């Protein structure tokens, strides 16, 4: 089976990819989206979102990374897709699933689900702009406010020449509500298409991954939020390994505070450590206590000192 690390805007950036791929066995990471409007973006934009481009499109530990584009105009998606692969990206991905109001308001992400023809035109333009030996993938949801167009959406992706399709098993309107996950619908799409379909949504552990694959028939999954809840989730999902012990999680957080974010204004670690702890609290009781301690801290040095002060030896 393949396990992919999902793109999560404002969460899974290059530093977190570096940390997570060191302790996991991901087959591929997809970047946060590069927003494409009406121009060919400068090289520095791609390098900011995906610094791994300067390392043969791999994280420091060797996991492949693919640049994701978000936009609606085929010409500019094509030109920026070509630039991404020229810079070294291992293929490109088209975002047709992001539910963010800001993104949808500008005509990108899940908005494309309303009109599968836009998905077809965007993916086709990207496919034609990218050398045939490199993959072009598309990430979608089941629809905007219903699943009525799910087959039309899937057909558009395949007919555009995409290499593979990632399906999040909910509509845009359903957001991330657990009760709405529909792995069966993903399976219906998989049966319809000839290209590989990757299942996404509500995969939190080995059992849920097995259930998802059994219901959908997919042999590959993409995980997002769960990868932050359990930092070694790909190994849990692939090999039924136990979740990472809390002392190892703390060591990961300590390393995170030592990594420098390029062009950081001094608030990067403040926001991101608190954000990560809020995910960890769902799996580790110890994270709640640590979160209560750091949530009142408002600058990176204080956050770093608080995390670094934890004696891992006493946790074992």
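Using the three backbone atoms N, Cα and C, a Cβ is placed for every residue, glycine included.
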FMN site partner of 7, 8, 9, 139, 200, 201, 202, 224, 225 (as recorded in Swiss-Prot), chosen from 54, 68, 72, 275: 68
Residue among the recorded sites 176, 279 whose Cβ has the most other Cβ atoms within 10 Å: 279
Candidates 95, 272, 279 (recorded sites) with Cα within 10 Å of residue 7 (FMN binding site): 95
Mapped DSSP class for residue 9 (FMN binding site), helix or strand or coil: coil
Binding-site residues clustered about residue 95 (site 'Interacts with tRNA') [Cα within 10 Å; pool: 9, 139, 201, 224]: 139
